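According to TrEMBL, the features are:
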DOMAIN    7-237  domain 'Radical SAM core'
BINDING   CYS25, CYS29, CYS32  [4Fe-4S] cluster binding site
BINDING   CYS69  [2Fe-2S] cluster binding site
Amino acid sequence: MKKGFYEFKKRDFLCSISNIESGTCNEDCKFCTQSVKNDIEITRYKRKEIKTVVEEAKNAKRHKAQGFCLVTAGQKLTDSKLEYIISLVHAIKKEDLDLKINACNGLATLEQLKELKKAGIEVYNHNLEASKEFYPKLCSTHTLQERYETCLNVKEAGLNLACGGIFGVGESHEDRISLFNSIKSLEPMIVPLNFFHYTNNLPISKNVLTKQEAFSIIKTARNMIDSAKVVMIGGGRESMFEDRQYEVFEYGANSFIIGDYLTTFGESAKKDLISLEKLNYKIAN
Ligand code: SF4
């Protein structure tokens, strides 16, 4: 029987991401290595070659990813970016990989999102990142309200919404509860939880969350945003949880990113798969 994308009540789901435009963002999010305002040494480029992205999609499929997300740096989706992303979707679809192609391209209009859906994008990821009270301390170049409106556009366009946040950036427990309430009001299908991975020169201090606090964040998200089908652990899994990283499933997560992140290396996908198998986790594929 062919399994549906989100049919993993007893299975865990893996997603892979491709940074198709890196480090070119003019916004000033303090936690983000992709902002040109944060003086971080990363590889910066405008457009990744189509054939490279197709190879990455094939590699994601080989490593049991069900979802493959096309991520761009930058405040918003522009029409030229939209054209580029649509050409990538067509090229990947030609390979018939049975991969769900997702997108994460910043603020977007309803019309742009409808175009993405028409091209075959299934999920649009747009995180609120932080509570409305705390967000202005992390970013001054756009507002949380703008992010919220894009999330509403995603839903109106008929796309599935992935909407989560980042933790360990100096937020309080109350901020997390406020963030989860805002996310809950959007009824996302997927809730990505990212844990801040400190890189030299970022203008905020290191993540001081303990593993137990981080597990408790996952549990709270799972309980509060109870309509979400997926709680996904995104960036920072390895540095946050170290040798306890697979315990995230015991606290309510049922998905994580496999392979590398946007500007940092992840655990080897092969090693993840071997570890999950040893621990008897079933991967939806
Ligand atoms: S808008 Fe997105 S890519 Fe740009 S700095 Fe903020 S988080 Fe990073």
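Cβ from N, Cα, C; glycine included.
Here the features listed in TrEMBL are painted onto the structure.
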residue: CYS25; record: [4Fe-4S] cluster binding site; Cβ contacts under 8 Å, 6 or more apart: CYS32, GLN34, SER35, VAL36, ALA73, GLY74, GLN75
residue: CYS29; record: [4Fe-4S] cluster binding site; Cβ contacts under 8 Å, 6 or more apart: SER35, GLU129, LEU138, CYS139
residue: CYS69; record: [2Fe-2S] cluster binding site; Cβ contacts under 8 Å, 6 or more apart: CYS15, SER16, ILE17, SER18, ILE101, ASN102, ALA103, CYS104, VAL123, ASN125
Cβ-Cβ neighbours of CYS32 ([4Fe-4S] cluster binding site) (radius 10 Å): 22
